[in-house]
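Here is the structure we will look at, set down as structure tokens.
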Amino acid sequence: MADLGRQLQEYLAQSRAAAAGGPSTVPASPPAAPGSGPGPGSGSGWPWAAEADPCLPALSRWQRLAGSGLCLLLAALCFGLAALYAPLLLLRARKFALLWSLGSLCALGAAALLRGPARLLREPSSGSLLYLGALGGTLYAALGLRSTLLTALGAAVQLGAAAASLLAALPGGAAGLRRLGGLLGAALRRRGKALPV
């Protein structure tokens, strides 16, 4: 933490000196050890850092960005095609669930390329494990078993796990969402009373 504070002070001094047009007043410090600072090759958690991942050691930063962009395009294509099947959900539930699951898989692949698969799998939460299990179950039911009922069940569990993860990521979680809904409902009721009849 002290190293981070020192680096921040150096950065601020350099930016002030650059704005004033003079040299920096902070003495140069020795270079930080690899993996300790926020620069390339560090373990700071920046997705675009050039650190080597144990699962993908040969990929450069630009290859990871390009692969992630390609995965995001494939995810958008799968989600768009799934949206086309949404009106026919009762007739084509398996195709919808398959396309939605493949889009989710491509989006997870994009995140894994950016952050590194080892970092994503280091400490998985129970919600992410449930989501991955539901995703795998949906794909197995759609491709392997070709069962519409099991595919729909897997997709429902998958959507429920995604919604639970989204609620957990929001500030305040479910309680914060209920509070926000209560405030929104009260504002709508007040606005409805203010309108002339």
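Glycine residues also receive a Cβ, built from the backbone N, Cα and C atoms like all the rest.
Database features, via TrEMBL:
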type	residues	note
REGION	20-44	region 'Disordered'
TRANSMEM	70-90	transmembrane segment
TRANSMEM	96-114	transmembrane segment
TRANSMEM	126-143	transmembrane segment
TRANSMEM	149-170	transmembrane segment
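With a cut-off of 8 Å between Cβ atoms, the residues of this chain six or more beyond the transmembrane segment (70-90) that come close are 96, 99-100, 102-104, 106-107, 109-110, 113. Within the same chain, residues 93-94, 96-98, 100-101, 104, 125, 127-128, 130-131, 134-135, 137-138, 140-142, 176-177 sit at least 6 positions outside the transmembrane segment (149-170) and bring their C-beta atoms closer than 8 Å to a C-beta of that stretch.
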